[in-house]
Amino acid sequence: MASRVTDAIVWYQKKIGAYDQQIWEKSVEQREIKGLRNKPKKTAHVKPDLIDVDLVRGSAFAKAKPESPWTSLTRKGIVRVVFFPFFSRWWLQVTSRVIFSWLLVLYLLQVAAIVLFCSAPSPHSIPLTEVIGPIWLMLLLGTVHCQIVSTRTPKPPLGTGGKRRRKLRKAAHLEVHREGDGSSTTDNTQEGAVQSYGAGAPYSVGTVFRDLWLAAFFLSGSKKAKNSIDKSTETDNGYVSLDGKRTVKSSEDGAQYHELQCETVGPEDAAWATRTPRSVPAKDTQRKITNVSDEVSSEEGPETGYPLRGHVDRTSESGLRNRKPHHYKKHYANEDAPKSGTSCSSRCSSSRQDSESTRPESETEGVLWEDLLHCAECRSSCTSETDVGNPQINPCGKKEYRDDPFHQSHLPWLHSSHPGLEKISAIVWEGNDCKKADMSVLEISGMIMNRVNNHVPGIGYQVFGNAISLILGLTPFVFRLSQATDLEQLTAHSASELYVIAFGSNEDVMVLSMVLISFVVRVSLVWIFFFLLCVAERTYKQRLLFAKLFGHLTSARRARKSEVPHFRLKKVQNIKMWLSLRSYLKRRGPQRSVDVIVSSAFLLTISVVFICCAQLLHVHEIFLDCHCNWELVIWCISLTLFLLRFVTLGSETSKKYSNTSILLTEQINLYLKMEKKPNKKEELTLVNNVLKLATKLLKELDSPFRLYGLTMNPLLYNITQVVILSAVSGVISDLLGFNLKLWKIKS
């Protein structure tokens, strides 16, 4: 229904726009429709020695983003928590078997507590909030987790969407053959398709004929497919695909690239995996793919989790890469293609497979750097070898350029400028010896990351979270004791009497069971929530360490103390790599997932503060006579401490990265160098001008740190500020006896 309304809007927009057109506008539209189809084209390359503003801003290093809006994710999270057992397959995919079992036990205990509360005899001292409170926390945790894992939501492999994308990919691969010789025929396509099937592949005759028919169909309609692909070559962040293939969005970068490959592996396509070094039985692959969760709502499709992706993605990726060299070898055999290109293609493919086969499930930083540098050098060697033989034919370069994940994720700094070859002279210390070495940006960042990973974090906030979990679990018992007797009379009661008062009953088994179950569920859920906050706190701390070590690079004393390389911004190339390293380190580590956790804590704190202020303004004399108010006060204090920690770390990190005193110091060093070496004054003046421009650019792009959530929208931020601070002002004015304003609207 929504698509029909959208089509109607587009149609009517064009209809009324036709009445406003003049002759000149119609002729211009006809020229625009032709576009670049009839224009002569030749091979071009992006200039690797230039930088984009996206590189300085950091958006070039894009992170994965969810396809669905936050409202849809919130709704799905609530549904998946309420009907937890029915979504067991999804929870198993996005968590682990142990965690799922733990959550299932908590879910069943919570259901049992509700049943016991409704079935227990009415005269008991157990408040409703003691049983209902864990439910709200469970819904919050489920929503947060659903938003965190929302970036890994591939569509079903056997669905219509997957078939449509598979058709587009096959059409795009056929266009590659057409570009190679200009006249690829159906026979060549069919022959290549037959050759791609291995002798030992468990393929049925019907599957072979189906693929042959698909190849012939897409070859006949290749012009139509090419037109549809050409219209969609521009991506969301302004990059244009050079090979005519629709690239993935920058907001989904590498994760979406693997998802597309996972979608192309159906039950019948699983035979490709048997030809790779990381081979798995076709039946196992088929079983794993067909067992994808089918209980998710229809608009999102089943969400394949980490275990499936970690097993199938590498298999499908290796299978697809093994299949493509057969196409190229067959295609270029009749044209006397240089042997160097073919050998280079197989070498690139085999080297990538070797690196993937030895890669563990959780990739370490060292393997990432090694693979990244290796891919860059492999690409450069492929290009140089094939260009020498025949510059018109370069199958290796084209295939690798199309399949390169760094190209797919819009990282021109990583794949175009060859970071493995672009180095700067840096000083390193080995004990008391000072030595000079040529280092790339990846090597410098790798040393910084190793230093951060070796840092031993404190456990203060972990202990604080554990203490708050225990305190919130014991709050109902303390509340009943305080309501029953005064503090002076506690010593007069025996232990058995205190036990009866704390648990609300002595003989009723249902009440005792309900209290114990609520205690276990409450402590467990609160501990999970503060565990997430501790993860966010550790991430913010690592970001601060990244910023600190980055600031130590241009200081000889601090670099030696921190055991990181040291270099000066005395060349334009050094400034470029310094800016690249700065943006790269800012984007390292968890970003959106941690922001989701912090945003949830921020919104929860706002809600708790507002409820507390409303309760204090309503009846502040009997504020502590309600059990939920006790819990709200504890939540408010604990969450405020964590938020203050987040704000402190985030502001300090932004301050470290926005420290223009480094650039000013380097400008002073350049003037000192001009005085000592007048013959290099022109070169040093050029570097000084670039430093001034870099200083202005950083001031232009940098913004102060803000917690995510309502603060992203200025209107909502001002409304929230007015509501919350007005309530706090009213409480303080009521308690102190004079008017006090704590807020001021800012435009």
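Each residue, glycine too, has its Cβ placed from N, Cα and C.
Note that the coordinates shown come from a computational prediction; the quantities given were computed from them, not determined experimentally.
The annotation compositional bias 'Basic and acidic residues' is assigned in Swiss-Prot to 172-181 (among others).
According to Swiss-Prot, the feature compositional bias 'Polar residues' maps to 182-192.
What Swiss-Prot lists as compositional bias 'Basic residues' is 321-331.
The compositional bias 'Low complexity' annotation in Swiss-Prot covers 340-352.
What Swiss-Prot records for 353-362 (among others) is compositional bias 'Basic and acidic residues'.
Per-residue pLDDT, averaged over the domain 'PHTF' (6-153), rounds to 83. Per Swiss-Prot, domain 'PHTF' is recorded for 6-153, and the stated evidence type is sequence analysis.
According to Swiss-Prot, the feature N-linked glycosylation site maps to Asn291 (among others), an assignment based on sequence analysis.
Among the features that Swiss-Prot reports, N-linked glycosylation site is placed at Asn659 (among others). Asn659 (N-linked glycosylation site): 15 other CB atoms within 10 A of its CB, across all protein chains.
Per Swiss-Prot, N-linked glycosylation site is recorded for Asn718 (among others). Taking the Cβ of Asn718 (N-linked glycosylation site) as centre and 10 Å as the limit, one finds 16 other Cβ atoms among all the protein chains shown. DSSP assigns Asn718 (N-linked glycosylation site) to a helix in the three-state reduction.
The region 'Disordered' feature in Swiss-Prot is assigned to 170-192 (among others).
The region 'Disordered' annotation in Swiss-Prot covers 268-365 (among others).
Look at Swiss-Prot and you will find 98-118 (among others) tagged as transmembrane segment, backed by sequence analysis.
Positions annotated as transmembrane segment by Swiss-Prot: 126-146 (among others).
Annotated transmembrane segment per Swiss-Prot: 459-479 (among others), in sequence order, evidence recorded as sequence analysis.
Marked as transmembrane segment by Swiss-Prot on the basis of sequence analysis: 515-535 (among others).
The transmembrane segment feature in Swiss-Prot is assigned to 596-616 (among others); the stated evidence is sequence analysis.
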Exercise for review: Report the listed stretch (126-146, 515-535, 596-616, 630-650) having the maximum count of Cβ pairs within less than 8 Å of the transmembrane segment (459-479).
Suggested key: 515-535
Practice item. Would you confirm whether the transmembrane segment (596-616) and the transmembrane segment (126-146) meet the contact rule of 3 or more C-beta pairs below 8 angstroms, pairs 6 or more apart in sequence? Key: yes
Exercise for review: Could you pull out which residues elsewhere in the chain have a CB under 8 Å from any CB of the transmembrane segment (98-118), counting only those six or more residues past its ends?
Suggested key: 84-85, 88, 91-92, 126, 128, 131, 134-135, 138, 510-511, 513-514, 517-518, 520-521, 524-525
Review point. In the same chain, who gets a Cβ under 8 Å from the transmembrane segment (126-146) while lying at least 6 residues past its ends?
Key: 73-74, 76-78, 80-82, 94-95, 106-107, 110, 113-114, 117, 120, 476, 504, 511, 514-515, 518, 521-522, 525-526, 528-529, 532, 596-597, 600, 604, 627-628, 631
**Study point:** Three-state composition of the domain 'PHTF' (6-153), taking helix and strand from DSSP
**Key:** 101 helix, 0 strand, 47 coil
